[in-house]
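Inspection log for the structure reproduced underneath, given as structure tokens.
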Amino acid sequence: MTAAELAVENVTLTAGAYRLVREVSLTARPGEVVGLVGPNGSGKSSLLRAVYRVLRPDSGRVRVDGADAWSLPVRRLARTLASVVQEPGADFDLTVREVVAMGRTPHKRLFDGDTAEDARIIDTALASVDATQLTTRSFDRLSGGERQRVLIARALAQQPGLLVLDEPTNHLDIRHQLEVLGVLRRLPATVLVALHDLNLAAYYCDRLYVLREGEVVASGPPAAVLTPGLLAEVYGVASEVAVHPRTGAPQVTFLPGEPRESGRGGATMH
Amino acid sequence: MTVPAEAGAAPAVRTGRRERLRSRAFAPTLICLGLLLVVSLTAGLAIGSVHVPPGEVWGIVTHAFGGELSEPTWSRARETIVLDVRAPRVLLGAVTGAGLAVVGTAMQALVRNPLAEPYLLGVSSGASLGAVAVIVFGVSLAGPVPLSAAAFVGALLTLLLVYSTARAGGRITSVRLVLSGVAVAAVLTAVTDLLLLTAGRGNEARTVLAWTLGGLGGVQWSTLWLPGTALLLGIGVLLVRARSLNLLLTGEEAATTMGLDVARFRVRMFVVLSLVTGVLVAAAGPIGFVGLMLPHIVRLFVGGDHRRVLPTAALAGAVFLVWTDIAARTVAAPMEIPVGVLTALCGGPFFLWLLRRDARRNTDRGVG
């Protein structure tokens, strides 16, 4: 599978009378890691749900490699697009390996069995999130962080060209946060990821989209987007942003107290 | 693409101990259960008011299939008891047990709740009402097919109603699922009783009332093909879609992202489950808790993968119900206890245990 291209075009999402996302457009070129940041309730998860085909847009389009994601057969889309979602599963005593093996489903026909090739892909996926030692454990009995890694392994087993993740570093300790993002970074797939931690987003993403109240308020390379002015406007916090001498990525330090008005950086403001 | 290999090369193919145990346990479990089923069927034919030794049972059975292994040394009366009285009943027991266990397994995955089961969700009551309506309004002369068809319609409508009620407002909780099942079942049972009481055919009403308690008596060879066919069809379809059932265990959104059209799949499976349930209820009455107990017990041995659970549950369910029926015929002989009463006696406590286990797990995890 080669990296896929994602284009979200003027998508508006509502839940009843409540508007979740308004006229959002976003692109991810093949191989890019695109980050989605913004405060709680800014519409990040909703937007992702529209991309992985759970929340149907009221208007606008989601295109994956040019094709409308919502008019493709579900199984066809699942061969290109994999995602890690925030959803509690049921309690049915599956092993970690069985859970990861499910990632192979969209590549299977009704009567296909599991092949040695599947076994290899599953093993590699488990190894890449440092979960090999969990293989035989019961998925129900894992800690939150272990579950998260296993679900990422399942998405990798799908061998997607486009990977969509909703806060994949939730519940993870710092080492596993770095590891998981490192894996995503090196993946030969396009990645769209919602992240809370701005510094991780700055370091691992090629471009960021900043959402506030369901609208894109800024987008561009991290260094252009993450400015004290924007952070004050979007999050209502005071901060300093410096380029870290070793990583070369912008480093945000939050300051206590009210934000002062300050000049904005070179972000594309919408 | 290939998944990048992190932290050194990919490990050698190393299936885990637990999984190995389970896949290793799968074949022997199936074989053991298969043998156990043969033993159970033999016992079912042998035990009763007239005891027929197992050797003689086999003689009669092989003789009936044209095997001339042994000269008939038994009386015609015994042959009639074994072949015409007991055999259809024992086979219906096996078919019903297998069917209910399989339906319960799939239902638990489809509504994503461990307490799901045709009886507890009121589906059996819906099927009963359909069948009783047909009997009371006098179409029963037309034979088992319209009876089953009506039961199927009743089952499907009930399942859709209970599911959509439990689902209102998002995620299905155990409480809401079971409560809506109980409420719907109560109404349907009341309507069924009303029909029976006002029908004004004394004897017929009593027969039907006995049937609503669940029983395997009174079945004949000529009607056995219907539940048999429904069972094979149901198991076939479910086995083919076992992977999709597995996907649902991890959540609906996750299942969608792995290529399952959840809504469409669920409706189709509801139709299959209602068909099997309807036909079985029409033949044997509503028998509760088999579909609850067997899947959970079977999962302890072979894990949660439906490709293993479904066949194992089918065999285990068959064995279970054949023995329960033997008990129903013998414990209070010459009186016969409806088999549904016995399954409820085992199933009720099991249900309570499951409820407590669930509550405990949720507390452990900090879920409300």
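Even glycines carry a Cβ here, placed using N, Cα and C.
Residues or ranges marked as transmembrane segment by TrEMBL: B:25-47, B:90-111, B:118-139, B:145-165, B:177-199, B:219-240, B:270-294, B:337-355.
If you look at the transmembrane segment (B:177-199) against the transmembrane segment (B:145-165), you find at least three C-beta pairs under 8 angstroms, all six or more positions apart, and that counts as contact. Within the same chain, the transmembrane segment (B:270-294) stays apart from the transmembrane segment (B:25-47): fewer than three Cβ pairs sit under 8 Å, each pair at least 6 residues apart. Long-range contacts of the transmembrane segment (B:118-139) within its own chain (CB-CB distance under 8 A, at least 6 residues past either end) are made by residues 100, 103-104, 107, 111, 146-148, 150-159, 162, 177-178, 180-185, 188-189, 191-192, 195-196, 199, 204, 208, 212, 273-274, 277-278, 281-282, 285-289, 291-292, 351. Tertiary proximity for the transmembrane segment (B:25-47) is limited to same-chain residues at least six positions away from its ends with a CB under 8 Å from its CB atoms, namely 53-54, 57-58, 61, 82, 86-87, 89-91, 93-94, 301-302, 308, 311-312, 315-316, 318-319, 322-323, 325-326, 329-330.
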